[in-house]
Amino acid sequence: LKDQFDNLDKHTQWGIDFLEKYAKFVKERIEIEQNYAKQLRNLVKKYCPKRSAKDEEPRFTSCIAFFNILNELNDYAGQREVVAEEMGHRVYGELMRYSHDLKTERKMHLQEGRKAQQYLDMCWKQMDNSKKKFERECREAEKAQQSYERLDNDTNATKADVEKAKQQLNLRTHMADENKNEYAAQLQNFNGEQHKHYYIVIPQIYKQLQEMDERRTIKLSECYKGFADSERKVIPIISKCLEGMILAAKSVDEHRDSQLVIDCFKSGFEPPGDFPFEDYSQNIYRTISDGTISTPKQEGMRIDSKTTVGKAKGKLWLFGKKPKPQSPPLTPTSLYTSSTPNGSQYPIFSIEPVHYCMSDIKTGKPRIPSFRSLKRGWSVKMGPALEDFSHLPPEQRRKKLQQRIDELNRELQKETDQKDALIKMKDVYEKNPQMGDPSSLQPKLTETMSNMDRLRMEIHKNEAWLSEVEGKVAARSDRRHSSDINHLVTQGRESPEGSYTDDANQEVRGPPQQHAHPNEFDDEFEDDDPLPAIGHCKAIYPFDGHNEGTLAMKEGEILYIIEEDKGDGWTRARRHNGEEGYVPTSYIDVTLEKNSKGA
């Protein structure tokens, strides 16, 4: 059995070696797939168009088909990478993990077998020692008995010697009996341990080794199947790639390519006509005889050589230099107008049109609706933009904050996706160290986590500002609603441009008469007399008024209204001391007085 234990040790070691050998085979296959995919991608990249200019874009069906084939080949390379990744994750990684577990389990079982054998050997040594000791004590007892019998039969021996020999005999006999009992106990213990070893312990260890070896065989079978499944899974997609290549080949149209060539290079010019006959002998004086056949001169057939050559040269500019057309003499009329095929005329800028445009610019009226509105828009646009948009009215501030929160959430989602990708990549590197170093991703992962924390803080801060603004807007709407009810009951509302009701849909405005004035631009500068107050307002929120043309106010302050909101979100107000400026309409509670026009 000891020899069989050694044989089982050798067999299990061979099984682990074979498992690692197959894992090495899978690893080399993965490297082949990765290199193959990499070379295919490099090939596609080499032959793909750079598309640096629009003229280089493929137009012919044969070129388009080739580039479609390159795209399909790139997808095919991606599927080879999928095969390599699947084999690395499902086959190679699983084999390496199982090999490590198998070595650990085999080592444990062999150690248990060796411990059982060592314990049995120890029991045998104890039994053998007790046996030898019993044998030695028995010989000593026999010697003591022989000595006693010799002294007892000897007449010359004294009684003391006989008594001493008798005591020695009794002592040796007693020790022999004790060793006999110990030997019997050790023998019984050894026999029991030996039976337990050969019938219980060793068979159990052999059974565990057998189960371990069978699991190894099953794992190899699963890996063989996974190896084939990794290839079989991508076959449908690879078939689609090949079908795409076939469709690209079928899409080649020679007639369309020929038509493209024709459309690209055709000039649209007519072929040159026949060269006319140039008779240089018509000026030569010839005597007409009876036997001479002569063509009578025809005045209509007289050809000017210079004109003929000029016409011939004018028709040969298809492959040569095109003659410049002679422009007609310039006239004052042609300098200013030109006729089009439909009979209309359009101006051509010469000295007279330039003079006309300059005079039009000088006499034209500037199209600026209001100097005050221009100044007001400038102050709003050029004012300092704060981080929390506190320089804006509440509704505009709420919109800006909401936009910023949405942008930050999108950035946070991008960083979260990047973090998940890095974690997956790190997990792949940890499982497959040959694919990369997991520690190399830690700096990028730390940076991504830092960016996520920063974005969360920014979102939290902006949400706090947004909650503050929404709370103020809700409080203002409640106050405004109650104030509007009071105004409706007590005095109503009326504007300088018409009449108001509390319903915005029932509001009736009269036409603004001041816009019909012909000298609108000049009237905007006539601000010497103070405008009359048309109502009063109460500040709901404080306003700093740092921008030029604005009026600072405190919460609860009462101001006079001298100009209503024109739709831009600003109302012109005046303090008791005469200081005027624009305040945000959403920051105040407005009350317009009845019959306040011209007050």
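The count begins at 1 with the first shown residue.
Glycine is treated like the rest: Cβ placed from N, Cα and C.
As the structure is a computational prediction, the values presented were derived from the model and not from experiment.
Feature annotations, reproduced from TrEMBL:
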- 124-168: coiled coil (COILED)
- 398-432: coiled coil (COILED)
- 521-530: compositional bias 'Acidic residues' (COMPBIAS)
- 1-257: domain 'F-BAR' (DOMAIN)
- 391-468: domain 'REM-1' (DOMAIN)
- 532-593: domain 'SH3' (DOMAIN)
- 474-533: region 'Disordered' (REGION)
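Under DSSP, residues within the domain 'SH3' (532-593) fall into helix, strand and coil as 3 helix, 29 strand, 30 coil.
Per-residue pLDDT, averaged along the coiled coil (124-168), amounts to 87 for this model. For the domain 'REM-1' (391-468), residue counts in helix, strand and coil come to 72 helix, 0 strand, 6 coil, using DSSP.
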